[in-house]
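Engineer: Please find one structure pasted underneath; my questions will follow.
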Amino acid sequence: MVEAGGGRRHRMTLESGEHTLTLYAYRTGPLRTVLYYLLTVLTLGIFRLLLHWKQKWDVKFRMVPCYFDTAEFIYIVDNHNVSELQPVQRKRHAPLPTENGEMRIVAELRWFVYRKLEYVWIDEDILTETTDSGIFPPEITEGEWKTSSEIADSIPCRLLLAESEQNHGLDFTEIAKRMEFYGRNEIVVQLRPILYLLCMEVITPFYVFQIFSVTVWYNDEYAYYASLIVALSLGSIIMDVVQIRTQEIRLRGMVHSTEEVEVIRDGKEMTIGSEQLVPGDILLIPPHGCLMQCDSVLMNGTVIVNESVLTGESVPITKVKSFENVATPRVLLLDKFEFFR
């Protein structure tokens with residue numbers, strides 16, 4: 001759900017799963033930017049450190065409110081009053097899915113990343129443009145932010161059934177466009193550099209206070225006591241950094257799962273890595289079964305699926321093919337951050 005006004009609006013409410021997000025559009029001001037760097041230099045970085053601790057102050061000081069169609073940053077506040085600032089990324093002449101699942105080239109694609117989900121700006125000009133097949137569902141009338149899975153969710157099942165009956169699959173040009181928009185079918189856990197983790201740990205309020213205290217104690221000739229505090233603080237910082245890095249490595253190992261899958265592309269059966277799957281691919285399930293690396297719609301046949309990890313059901317569930325006579329059917333095609341393992 002989005003408030004009226006589309007791109008010509010500074011504030012927008014967005015329903016995202018179980019959360020209600022309030023979005024605010026901001027851009028940087030030249031005068032404020034110059035003043036920001038000047039104060040940072042004059043205060044030897046203390047002013048920048050305060051804005052780092054209080055992100056709301058950072059937004060108020062450095063940025064000016066604007067409309068979403070010209071925004072450089074999005075300030076996000078969820079229903080638990082947890083805020084986050086994310087930059088708006090732009091790409092010229094990029095592909096965007098249409099209502100029939102095909103990809104078209106738009107003049108500019110804008111998006112931001114929030115909690116591992118990419119929110120794409122669907123402009124009013126694109127939404128109101130008329131073509132033979134239409135661009136997006138007619139109920140959408142104004143510009144808004146949508147995840148790539150929500151965009152793909154508008155594709156009717158009947159179109160996928162028609163593609164399945166042709167038994168041809170996607171051609172390589174279409175695959176390249178979808179790979180550019182959706183990305184690889186994998187969850188990437190980036191390992192942050194050790195130096196970055198150390199800096200983030202040192203500039204927390206507690207350790208900044210410790211640095212100030214140790215400086216005072218050394219000046220007052222409490223050298224032994226100050227040295228002991230320095231040693232304990234360094235040990236604590238190193239332990240925290242090692243623990244964070246260990247957790248990141250463990251998490252990356254848990255979510256990284258790929259295997260070979262059989263698909264139909266350009267009229268031919270081929271074997272590819274599961275990370276190369278894109279929404280709209282026709283998967284061939286082998287007789288001996290396999291581990292599904294994405295959400296999918298069963299187009300033909302019957303399968304037995306073990307969904308206990310997802311639903312807690314104690315026995316496998318039988319799945320049957322989709323029916324063409326379902327009223328206004330929809331299919332959920334998940335983006336690269338929403339594929340399940």
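Glycine is treated like the rest: Cβ placed from N, Cα and C.
As annotated by TrEMBL, domain 'P5B-type ATPase N-terminal' applies to 19-121. Residues or ranges marked as domain 'Cation-transporting P-type ATPase N-terminal' in TrEMBL: 166-217. According to TrEMBL, the feature domain 'P-type ATPase A' maps to 257-321. Taken from TrEMBL, the feature transmembrane segment applies to 34-53, 194-216, 222-242.
How about a rundown of where these features are and what they're close to?
Structural biologist: For the transmembrane segment (34-53), the list of distant contacts is 61-62, 203, 205, 208: same-chain residues at least six beyond its ends, Cβ to Cβ under 8 Å.
Remote same-chain residues near the transmembrane segment (194-216) are listed as 49, 52-53, 226, 229-230, 233, 237, 240-241, 244-245 (criterion: CB distance under 8 Å, separation of at least six residues from the stretch ends).
Outside the transmembrane segment (222-242), and at least 6 residues removed from its termini, the chain residues within Cβ reach (under 8 Å) are 194, 197-198, 201-202, 207, 210, 213-214.
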